[in-house]
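Here the structure is laid out as structure tokens; the discussion comes afterwards.
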Amino acid sequence: MLHTTNSTNISQECNLTASRLEKVVLPILYSVIIFVGLPANFTALWMLLQHNRKHGILIYLMNLAMADLISCLSLPFRATLLLLGDTWKESSPTCTIVMIIINFSFYYTVSCSTIFLAFISISRYAMIVKPNNSQLNRFYNTDFARIACTVTWVTITIPVLALNMNYFFKELNFDNASSVCYNMQLQYGKRVSANAFVTVALMFLIILAMFAFSYASIALHLCTVRRKSISQHNRVVHMRAQMIIIAAMTGFIVSHLPYHVYQIVTGLQRLNNDDCWSRLETHHVKLIALWLVSLSSCLNPILYFLLSKSFVENRSKRRNTSKRKLTSDFTS
């Protein structure tokens, strides 16, 4: 059920009654991510910290695990908003605190984890496809990786904080006693926010193209090496590496692409001809897309660490031959 309230010429509010999707389905799905993602990321981070030989990819993986862990820790607040958000007033401290936690942690961790995944893809591309390229191989350097990750955490903080401050100090409607916390998700007419979301989405598409190019190049290279390999063992190892690449690419695209496409479409819609009904039509799409992005925090430790664990453990056994070292560098 939808009600529309006109407040100004540039800002309106849609009052939505939450459906079964918000009240039942999504809280259960978020609970699955929490119960799987938390132990998976804790395990991945702990095992990575125990690793004696640090290198660039290991540093990126540790930071990725930390970002995903923060994301998982924020999901109980998102599930709570879905369940109880339509019973809280928009001006209440509970609503404000929950929304700050949800928005900051989501945009912060998604941005950081996406960049860390890009660093991992570049590092693997450099080590496997372009091992003699000194510029690209910097990404594999431990000191460079530490600096890159630190700069990423610090740099992302600034725009995310600015976006949240703009949202809560300019767009919250503290004077409207009838407005409830959940309906904040349906506010529209926010031209500045639309510009920001479209820009971020376009930046993601650039990273996606780089990500796809890196892993497609790695997959083709491993395919060529596998065909030339005489050893059956090497063929199996390279085949498994290719399967991990395909799984990583698929997981990244499925979990991230729908949300950013949604942001581009609805952002352009808000910049042009926005109304309450058009926001309602895409509301459930947004909810599902948000869940898919959150799902990546559960998939990443599996795709980037747990599946590669056996390769990490066997690194020392495969250092003598160039082909085995090549595969080991990919899976570490």
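The backbone N, Cα and C atoms fix where each Cβ goes, and this holds for glycine too.
What you see is a predicted model, and the numbers here were worked out from it, not measured in a lab.
Same-chain residues lying 6 or more positions outside the transmembrane segment (28-49) and placing a CB less than 8 Å from one of its CB atoms are 58, 61-62, 65-66, 68-69, 71-73, 75-76, 78-79, 82, 291, 294-295, 297-298, 300-302, 304-306, 309. The transmembrane segment feature in TrEMBL is assigned to 28-49 (among others).
The feature domain 'G-protein coupled receptors family 1 profile' is assigned by TrEMBL to 40-304.
Annotation comment: TrEMBL describes 56-77 (among others) as transmembrane segment.
Same-chain residues lying 6 or more positions outside the transmembrane segment (97-123) and placing a CB less than 8 Å from one of its CB atoms are 56-57, 60-61, 63-64, 67-68, 70-71, 73-74, 77-78, 80-81, 85, 88, 136, 139-140, 145, 148-149, 152-153, 156-157, 160-161, 163-164, 167-168, 181, 184, 200, 204, 207, 210-211, 214-215, 252, 256, 290, 293-294, 296-297, 300, 304. If you look up TrEMBL, you'll see 97-123 (among others) marked as transmembrane segment.
The annotation transmembrane segment is assigned in TrEMBL to 144-169 (among others).
Taken from TrEMBL, the feature transmembrane segment applies to 196-222 (among others).
Outside the transmembrane segment (243-262) by six or more residues, the chain places 110, 114, 117, 200-201, 204-205, 208, 211-212, 215-216, 218-219, 222, 282, 285-286, 288-290, 292-293, 295-296, 299-300, 303-304, 307-308, 331 with a CB less than 8 A from a CB of the stretch. If you look up TrEMBL, you'll see 243-262 (among others) marked as transmembrane segment.
What TrEMBL lists as transmembrane segment is 288-307 (among others). Tertiary neighbourhood of the transmembrane segment (288-307): same-chain residues 26, 29-30, 32-33, 36-37, 40-41, 43-44, 47-48, 61, 64-65, 67-69, 71-72, 75, 78, 106, 109-110, 113, 117, 120, 244, 247-248, 251-252, 254-256, 258-259, 262, selected by CB-CB distance under 8 Å and a gap of 6+ residues from either end.
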